[in-house]
Amino acid sequence: MKLPPAVLRVLADRGIRKPTQIQMQGLPVALSGRDMIGIANTGSGKTLVFALPMVLIALQEEMRMPLGQNEGPVGLVICPSRELATQTFEITDIYCKGTAAAMLRARAAFRLGASAAWGSHAG
């Protein structure tokens, strides 16, 4: 599987040299746009399996036809707890920042009830 150099740099910066079992099985499925259910232990890299393809697909769509002001979202993640939502945002934001430096722009947003935290990264 070929990933953009910007993504490989972010993975290397985070100390990820080799995919975990769930990542080896899940990334090709997620990148192909198919549905899947993945079950693995905490800390096994499940978030990366859906977050990375979501960021890459969003950037691909942005290259095809740039989004206008206040358009989107291209991806949506719904989490069952505040802690998991915060963790998912932080991981997704890392990949948005890392890929945006080399590829157009990416945005991550985090919303809990009535409060929201926004990140925007221009490339």
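Heads up, the Cβ atoms here are built off N, Cα and C, so glycines get one too.
Mean model confidence of the domain 'DEAD-box RNA helicase Q' (1-24) amounts to 89 (pLDDT, 0 to 100 scale). Annotated domain 'DEAD-box RNA helicase Q' per TrEMBL: 1-24, in sequence order.
Among the features that TrEMBL reports, motif 'Q motif' is placed at 1-24. Remote same-chain partners of the motif 'Q motif' (1-24), defined as residues 6 or more beyond its termini with a Cβ less than 8 Å from a stretch Cβ, comprise 31, 38, 40, 44-46, 48-49, 52, 56, 94-95, 98-99, 101-103.
Per TrEMBL, domain 'Helicase ATP-binding' is recorded for 27-90. Secondary structure of the domain 'Helicase ATP-binding' (27-90) per DSSP (helix as H, G, I; strand as E, B; remaining residues coil): 33 helix, 0 strand, 31 coil.
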